[in-house]
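Undergrad: Copied straight from TrEMBL:
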- 118: active site, schiff-base intermediate with substrate (ACT_SITE)
- 123: active site, proton acceptor (ACT_SITE)
- 138: active site, proton donor (ACT_SITE)
- 118: pyruvic acid (Ser) (MOD_RES)
- 16-44: region 'Disordered' (REGION)
């Protein structure tokens, strides 16, 4: 599983330091790790990684994409898609906190990446060689269009249709 921690002292696997749920027989730890400390100047837990220079900024860029002409075997491989999405958003300047995937029967995968800047996802349709992807980032550090381009390149996409939505505003 691709997991990159976004805390100040990241262990090899973010989940490794979360306590197990009491009485649980699950090998999956309970999600009770301490919250990331908040920045004194803006109150944001993302300060120092993605905070905008202007206090009160509340803005982001959401890029939505349709990807076509992709090999079915790639679109049905959760591990490959997790690694590919994590690499694309990291190379585009985002900070990955965690990446999770779910494989559907008989085919198809959804991968979600929790970013310090917001999130990224890919939803695949191997039966038609297509996928939907979106990357939403706050602040100026990460480039969501670049993340989509890198993802499309790694998937060997024949066709990419992108649209971008500017979200939020600068508060006075």
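Each Cβ is built from the backbone N, Cα and C atoms, and glycine gets one as well.
Help me picture where these features are in the structure shown.
TA: Residue 118 (active site, schiff-base intermediate with substrate) carries a strand DSSP state (E or B). The Cβ neighbour count for residue 118 (active site, schiff-base intermediate with substrate), using a 10 Å radius over every protein chain in view, is 21.
Classification of residue 123 (active site, proton acceptor) by DSSP places it within a strand.
Packing around residue 138 (active site, proton donor) is summarised by its Cβ count: 23 other Cβ atoms lie within 10 angstroms of its Cβ, all protein chains included.
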Undergrad: Calculate the distance in Å between the alpha carbons (Cα) of residue 138 (active site, proton donor) and residue 118 (active site, schiff-base intermediate with substrate), and round it to a whole number.
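TA: Counting only the Cα atoms, the answer is 6 Å.
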